[in-house]
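Trainee: The feature active site, nucleophile is assigned by Swiss-Prot to D413, with sequence analysis given as support. Summarising the annotation, Swiss-Prot assigns active site, proton donor to E466 and lists sequence analysis as the type of evidence.
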Amino acid sequence: MNVERSEFLAGVGHDALWALIEGRHGDPFSILGPHESGGMTIVRVYLPGAEGVDLIEAASGRVVTPFSIAHPSGLFAAAMGSRMHYRLRITWPDGEQITEDPYSFGLLLGELDLHLISEGTHYSLSRTLGAVEMAIDDVAGVRFAVWAPNARRVSVVGDFNAWDGRRNPMRLRQSAGVWELFMPRLAPGERYKFEIIDPHGNCLPQKADPVARASEAAPSTASIVASSTRFRWTDDNWMKGQSRQQRLEGPISVYEVHAGSWLRENGGRSLDWVELSQRLVPYVREMGFTHIELLPIMEHPFGGSWGYQPLGLFAPTGRYGTPEDLAYFIDRCHGAGIGVILDWVPAHFPTDVWGLARFDGTALYEHEDPREGFHRDWNTLIYNLGRNEVKGFLIASALEWLERYHIDGLRVDAVASMLYRDYSRNEGEWIPNRYGGRENLEAVEFFKHLNSIVHERCPHAMMIAEESTAWPGVTKPPEEGGLGFDMKWNMGWMHDSLSYIEKDPVYRSYHHGTMTFGMIYAYSERFILPISHDEVVYGKGSLLGKMPGDEWQKFANLRSYLAFMWGHPGKKLIFMGGEIAQPSEWNHDASIAWDVLDQPAHAGLQRLVKDLNGFYKDEAALQFGDFHSEGFDWAAADDAVNSVLGMLRYAPDRSSSVLVVSNFTPVPRYGYRIGVPQDGVWIEKVTTDAREYGGSGLVNGAVSSESVPAHGRPHSLWLTLPPLATVLLKSP
């Protein structure tokens, strides 16, 4: 078909043509692809660097016509007598490529999807935005979509187009500020980013996809097209088993883990998810923990942040394998009867230029005003929770982990920093809310909405808050004015109890109230007692290093403290290495010091933690009082002189009970009388002074009660309290 060159550019203005050539055009579909003109169909393609292009009929494979050069910059055009399904045969300097034309496809995202994105209620965001493997009209490829409402132009770039932003500019869907493009014949594994021109015409550093489901391992920063093939889970019985409420009422003993440093091979290589499923999962099961809590595994640029400064909120870090490898690890955990909790960070994000910061050239995910949008403690940016799309982005991220990866719970990091506008700020450095107060009302509503949606869509999932203040109602339902979390870390108990146990025993009597104070508020929330990674870093030393005294006393103090914790109301959490009394504080670049288990004292502590977990899981009395005040009484709260504390834990019907008595001095107490509710023979189930744990072997065994009133109870036991030890006795 003979066509004049001017006809190839009919309807294309001079300014529009140069905007396309220079990579500034915001509506490429108005020029590229098939267009009706003068009774024929003109097809234009912009392929800088191509030597030639042929138009091929898709059905037959025959060459219809070669493309003509419409502009020497790389704009080619061809004419068809009537519209047909066609392909392009492109000749490059290094070979040929046959593909469909990305600009021959119509609108990709539905109006409902766009509406839900704008409303902040599109909870399956990774199935709409990001890179989605799919087929359109039997053409396989990848649909790219990204929210960048203030950009002048957005292109998808990757190895497939030599990272040239001129080659594949995207279509803007004005109603939602979302850019979209279908790239035929791309497959999972392709690297990509977005190239964005900001409102002022500046080309930004290429951006990783905020909703990517896979990423390159750091320090590389490209996003990766993830497969749409579903992992074949084998955990149906686990997922359909206990409800969240049943799990909350039962034993919860959490082993907190940094995946990269739990165990390293010679040479310092971290284990991958498959290897962790073979090593970590059997260990946790053998130790009797009910859950593993993983420090954040979302993609993050700086390993030294331990994952707490993530940028890929939908992508597992590539440090330990593929997304499918992570799913395999979780599946193996569930097969072993172990739940998986994930640390999740909606409070802030790092300032890396290839990430979310000023994503489209404006403060899109963050606040514009640094008094709201910059966190000086961490040099990070704060999410703008007043924006629907940002709230929806975060909630969709939470659901991604719970639904796609079968995560059993999220521990939400740095909640306090979100709840207070003046958090870690001086006067004049923060903006009050609309009522003049310091509360972040947008964050309050965000948490209520987050927890309501999670509980509605994921009945199995637990939501846990790391909230370091006394904000009221963290674990109350939203309909009762609370934030809706299931549990909260008891930071106050952790600080108080560690402060006490770090003191020389000679001074503990003066601080006795530190150990009893926690019970004043113990039932104001549903608490987890956390001895977390935060307590063994930044010069704080290891758990063992915090203990006073000589080596024997250090181990005795730590054994007694952990048994007191396991006997105290509240679910349990301990960071890896604490269960073996690792001598040095945690180093994320090194393995836990497993070789210390060759020493009896370390092996003894490990055995104690295992036995404490076993007794806790078997004994209803140690579970019921975690959240119910009728499941707890002080047996001896006021013996400051002897630094002795006694607790009674009750089963729901009070048919059985457990007595927990701690002697926090190095002086054995012989003939220590303590009141008990039941008559009969009480059996010592655990004593931290047992020889198998590294103690001196001063034990009680079976103890018959006497009809001698004590501590307001009609019966009492005549006990031997070993030095620096805790004993747990079960009622008849």
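A Cβ is built for glycine as well, from the same backbone N, Cα and C atoms used for every other residue.
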Trainee: Starting from the Cβ of E466 (active site, proton donor), draw a 10 Å sphere and report how many other Cβ atoms land inside it.
Mentor: 20
Trainee: Please list, in sequence order, the residues in the chain of the residue listed as 'active site, nucleophile' that are at least six apart in sequence and whose C-beta is under 8 Å away from its C-beta.
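Mentor: Result: P296, Y308, D343, W344, V345, P346, A347, E466.
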Trainee: Kindly assign the residue listed as 'active site, nucleophile' to one of the three DSSP-derived states: helix, strand or coil.
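Mentor: Reduced to three states, the DSSP call for the residue listed as 'active site, nucleophile' is coil.
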Trainee: With DSSP assignments reduced to helix, strand and coil, which class does E466 (active site, proton donor) get?
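Mentor: Looking at the DSSP assignment, E466 (active site, proton donor) belongs to neither helix nor strand, so coil.
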